[in-house]
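See below for the structure under consideration.
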Amino acid sequence: MENRYAIILAAGKGTRMKSKLYKVLHPVAGKPMVEHILDQVEQTEPTEIVTIVGHGAEMIKSHLGERSQYALQAEQLGTGHAVMQAQELLGGKQGTTLVITGDTPLLTAETLKNLFDYHQGKNASATILTAHAEDPTGYGRIIRDHVGIVERIVEQKDASEEEARVQEINTGTFCFDNESLFEALAKTDTNNTQGEYYLTDIIEILKKEGKAVAAYQMADFDEAMGVNDRVALSTANKIMHRRLNEMHMRNGVTFIDPDTTYIDEGVVIGSDTVIEAGVTIKGKTVIGEDCLIGAHSEIVDSHIGNQVVVKQSVIEESVVHEGADVGPYAHLRPKADVGANVHIGNFVEVKNATIDEGTKVGHLTYVGDATLGKDINVGCGVVFVNYDGKNKHQTIVGDHAFIGSATNIVAPVTIGDHAVTAAGSTITEDVPSEDLAIARARQVNKEGYAKKLPYMKD
């Protein structure tokens, strides 16, 4: 196979996004658009990849790292000018060069591979990736002669009435013979209404030189969509989420309502797991087999074991082991580690805490900066008081302990195995194993006192 190269155009400012964030870094299904492109390009196995950067160059480099080389387009003078910036890295090399924009996140590796193969099969100097558009408004039209050979690309504003009816459009992605590409770029000029170097002018230059120009029409028009504003970004997200949901369903995951379920690129879900409506799963989350993720739950960068049930809860940067159940309305904050068969009930918050196998934290409880052993019962309304106003402190609770309802545990404290805290206690000292700790005032009943209270009178 001959050498393959790729140039990703990512220097545009993206003013129509009206955003402080660089356009190609806007996420689609949780991943920056330009990273989607790079992922797909890498699957075509190019020898070298060059990303053209301009505004926000350092942000792009920090995202893509050493996966790409970079060339700076300091002044934006058109797509042709952008490709010129790669000449120092790719000029004079033999092979085929893919030119692709960084704002087309829906393009797939399969389409790009087909484009490469078609280009090489036609022995063309240039091949345009095209698509059939039901409404081609705004796109450049592919004009072919009577036998179907590509003649030129006509932009919308320059198209005649007949040309405007053409439904085959230019997607902005091309394959070029690398040497022909840079030779033709040297012959482009800025004699147009925008005063820019157009990459599309190369097609006419190559045709005039008698070189072969081909066009490969891809099957799915959705892949052609460029993202230039928030409306297009929303559409791209919808399409990408649909693709991802369909992939998971084909892999054995049940979605109760795919249209309201939002799964990021890169999330892993095991077979026979059920995802209910309104669920959002983000980042590098891994979910095991035979789980139930209840309606309106949100899971971010977490690892969920097999046979876990999550009901209407938020889980962030946490681990939930096999057979545990969480919720409804629980919140696992970063560094929560919930053991096998643990029960985390309604309105429980866990942060930077390890809860071992079989422990039950039923309701209305805060567990922060703590290590809980096995088979503990934590009653209603328990607070692990971990913050003294300056520093966080740790609490350790041993196996088989019983923490009575409304206990305040003021860290740092260690509660031993099989120890018990009485309901309503404020624990400020260690509790030895098998001891009962009572830390509350003795009850006093004042006879007849209630009658003296003004709100108790008739």
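Heads up, the Cβ atoms here are built off N, Cα and C, so glycines get one too.
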Listed co-binder of acetyl-CoA (same site as ASN386, TYR387, ALA423, ARG440, source Swiss-Prot) among SER405, SER433:
SER405
Can you tell me which of the recorded positions ALA11, LYS23, ASN228, ARG333, HIS363 is spatially closest to ARG440 (acetyl-CoA binding site)? Compare CA atoms only.
HIS363
10 Å Cβ neighbour count around ALA423 (acetyl-CoA binding site)?
15
Please list, for the region 'Linker' (231-251), how many residues fall into helix, strand and coil according to DSSP.
20 helix, 0 strand, 1 coil
Work out the three-state DSSP category of LYS23 (UDP-N-acetyl-alpha-D-glucosamine binding site).
helix
Between ASN170, ASN228, ASN386, SER405, which of the binding-site residues has the fewest other CB atoms within 10 angstroms in the structure shown?
ASN228
Distance between ASN228 (Mg(2+) binding site) and ASN170 (UDP-N-acetyl-alpha-D-glucosamine binding site) at the Cα atoms, whole Å?
16
